[in-house]
Amino acid sequence: MASLGAAKFLLCFSIICLINFLPLCQGKEKWKNSNEYKYRFIRKASSFESPPSVSTSNTNNGYDYIIVGGGTAGCPLAATLSKKFNVLLLERGGVPFTNPNVSFLDNFHITLADTSPTSASQFFMSTDGVFNARARVLGGGSSINAGFYTRASSRFIEKMGWDAKLVNESYPWIEKQIVHRPTFSHWQRALRDGLLDAGVSPFNGFTYEHKYGTKVGGTIFDRFGRRHTAAELLSSGNPNKLTVLIYATVQNIVFDTTGKRPRAIGVNFKDENGKMHKAILGNDMRSDVIVTSGAIGTPQMLLLSGIGPRQELEKLKISVVLDNRFVGKASCGFGQTNESIHCHHGLLSAEIGQLSTIPPKQRTTEAVKAFAKNKRDIPIEAFKGGFILSKVANPWSTGELRLINTNVEDNPSVSFNYFSHPYDLNRCVEGIRLASKVVQSKHFTNLTLCDRQTTEQFLNNTVKANVNLIPKHVNDTESLEQFCRDTVITIWHYHGGCHVGKVIDSDHKVLGVNRLRVVDGSTFTESPGTNPQATVMMMGRYMGVKMLRERLGKFAGV
């Protein structure tokens, strides 16, 4: 499992307001009549009626497909498969449609800052000391991200072994429903012109395609600033064959181990009231449980279900279904020990980061709560600013994911080992040098009305900010390598942990077991572009169509 490291670079902006921070609030799930009709197949998990017996021979009591995770890949996959088959989609979170912190661009950072149990964003801290978040809402990462949409390169498509023709049919299926052309603002023009002056050329204009140079990509926010998530793709499904359960927390996959190979027969899940249920597959051997829980959730689900390194599973008294040492392995990050993380901080502002000055032993839960309360009282003007991220794509550094316990609602231990490979560090340094040229260009100084600052001034302002829990080296910013290490953050582009050839085969079937597939970013060995959401959504549609055609041939109708 992997994440991409990025170094954060704060700017002196006096008139640019990228994000408005509003008071924390939770959206109430009061559906409008139109949504009730459009998504009438979505209901709470407690409404589920378990079949009388898992061993029943009546296929009417089972589903053709059970999909674990209603995220970026799971929603388009469920919608596509439901055209011909009975599909059950299980999502541990709620709906995104009526939560203003999810639905509106101005509010999306509020969700990331919300560490409550009902938040659409589940906070976790990597062992490297970097703040992270994973989605806990229908629509997955598309419900909590910054919205950028761009396709993967042809090289990536070829590397994945995908059918290019079907890929090029699947992207537009997504784009016609939820993707928009962004409104071009004054600060974006300054960034564009600054990049071109710094030699990042040519300018490719507006395009969804993966292009070298400078371009304007798509967005899942419309011109009114409203988010359109992967959850909306469910409206393309067959409502008579699609069941979506929210607040359905899958505990583990159920296997029949009496044959030569284990085969998935269903899942156990808990509803919003804590009651346990069992959902089962029909008897058709072409039916599957499909895990689409993301690069954090999918390896965790396989491990909790008994697929993973034998020694790790036995240590937690998990019955071993299949010994596979590759589950949860291959990620990235600057390695630190567990002892370097002293407490839970929540996701705190990188712009107003006083907490980073508090000694580690004084970083108590009470101190964090007090800081969060004080931050809410800070005038909105204090947050007017911006930042540039230098993303290290296709990292060479590797890490891993391990279970801490057997509670699926707890985060696993994740080590990204940012910059553990020197090549990644060199690329970060190159990115920071380029960012420095961009913000020192006349296009930015004319816009911000700030005096032109030196690179060292920019770096010192940034390294003092609270962007992670890694010890800082203030006034040592002449070393760009040290600056990269000090200011490393995540941009949530997790991938890996269930790689093709190690955990799954080229058809995304889990090796060594029957009737179990993985369809999400955990299968990637690298990130497919600046933001992977376009390709992950496309992947859900792509695999759905592929499975229909394999199962029905010319009768698939897609």
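Here the Cβ of each residue, glycine as well, is placed from N, Cα and C on the backbone.
For E91, R92, V137, V250, W492, H493, G521, P532, Q533, the entry in TrEMBL reads FAD binding site. Residues or ranges marked as disulfide bond by TrEMBL: C428-C484. The domain 'Glucose-methanol-choline oxidoreductase N-terminal' feature in TrEMBL is assigned to 135-158, 294-308. Feature annotation from TrEMBL assigns signal peptide to 1-27.
For the domain 'Glucose-methanol-choline oxidoreductase N-terminal' (294-308), the residues of the chain that approach it from at least six positions outside its boundaries are 1-3, 68-69, 71-72, 124, 134-135, 140-141, 250-253, 255, 318-325, 327-328, 401, 403, 406, 408, 411-412, 414, 494-498, 503, 510, 512-513, 518, 520-522, 524, judged by C-beta separation under 8 angstroms.
Of the recorded residues, C428 (disulfide bond) and E91 (FAD binding site) place their C-alpha atoms 36 Å from one another.
Farthest C-alpha pair in the FAD-binding residues E91, R92, V137, V250, W492, H493, G521, P532, Q533: 25 Å apart. Helix, strand and coil content of the domain 'Glucose-methanol-choline oxidoreductase N-terminal' (294-308), in residues and according to DSSP, is 11 helix, 2 strand, 2 coil. Geometry remark: W492 (FAD binding site) versus C484 (disulfide bond), CA distance 17 Å. Using a 10 Å radius centred on the Cβ of C484 (disulfide bond) and all shown protein chains, the other Cβ atoms total 25.
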